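Just below is one structure, and these are the notes that go with it.
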Amino acid sequence: MLILPPNMCIQFCCNYTLISLYYEKSDVLKKIAVLYGGNSSERAVSLMSGEAVSAALQRKGYDVVPVDIDENFDLTSLKSHNIDKAFLALHGGIGEDGTLQAALKMLNIPYTGSHHRASAIGIDKGLTKKVWQAAGIPTPLFIELNKAYYEESQLDERADSFTFPVVVKPVTQGCSIGINQANDLDELKFFVDEAFKYEDTVIIEDYVHGREFTVSLLNGVALPAVEIDHSHSFFDHAAKFSAADTKYHCPANLTAEQEKAIRSLACRAFEAVGATGWGRVDIMADPDGFFYAIEVNTIPGMTQRSVFPLASQQVGLNYDDTVDAILNSH
């Protein structure tokens, strides 16, 4: 992965040659299907992403076919549209777990983002962390619980091993849906039960006290880190989408050495799961400034107000250029 220092980003922006680092625009891609919607808990965000992406591609001169995917949609119908490439703007569910990617591969329709294997790993928080642990990538300690074998007494037996607060997460939900911070054993039991309402596997993860960041990656380039500033005890769904006081700082208040370190960690974490094209890695910094990889997102939100275009803007790409770069990434 290529990591651009901030001063290099500024230099490239001045003469607008940075785009050539991200992609070489294809003359072959003419007709693009934008796949969005889906039936996951993140459908509302996906609709906004898909509409914004479709509009951007139209402004760039592409022939765009917007497609709202649901469980009844026949993917083979895309063949009749003579699609050159599919832009995936689905979040969660079959759009991000490798199912759609595998189907498009069988139909010989090129698509944006990671292949089906990396997508299947990336959507599963527990599996992602196991891959990172095997690769020596720092990530908070965790345990995994399966609903079929879970008994509340298991938490009682492990009570002494928990250092509260801890974070409870359904393994495949995005947008921080179903994620809660437990400050004691009673809260932990309650939030585990709540997480099981979303799916059958949850993780309990050590909470990292400190600063919260996310690093976007585009076609082999780690973009400037974004720091997330909010008043909540942690960045839950409410803080992400409802809190008026949530702020995003890019460039982040980091030294050049810290910026290099956090982008390097993001690259390693992204590559470890096999992700390609574009995506995002969430990272926490403890009070000593040590960085931990938290989650990977293989299809980040792409509304006009999303974090990804905020980061790309810092290196000279406006929203439409960013969408075009994603389309042409590999």
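Heads up, the Cβ atoms here are built off N, Cα and C, so glycines get one too.
Bear in mind that TrEMBL entries carry predicted annotations, made automatically and left uncurated.
Feature annotations, reproduced from TrEMBL:
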- ASP282, GLU295: Mg(2+) 1 binding site (BINDING)
- GLU295, ASN297: Mg(2+) 2 binding site (BINDING)
- 129-328: domain 'ATP-grasp' (DOMAIN)
Inquiry  = For ASN297 (Mg(2+) 2 binding site), which of the three DSSP-derived states applies: helix, strand, or coil?
reply    = strand
Task = Could you tally the C-beta atoms, other than its own, that fall within 10 angstroms of the C-beta of ASP282 (Mg(2+) 1 binding site)?
result = 20
Query = Which residues of the same chain, at least 6 positions away in sequence, have a Cβ lying under 8 Å from the Cβ of GLU295 (Mg(2+) 1 binding site)?
reply = LYS125, THR128, VAL281, ASP282
Request  = Looking only at the domain 'ATP-grasp' (129-328), report the model's average pLDDT.
outcome  = 92
Remark   = Within the same chain, the residues at least 6 apart in sequence whose Cβ is under 8 angstroms from that of ASN297 (Mg(2+) 2 binding site) are GLY122, GLY174, GLY279, ARG280, VAL281, ASP282
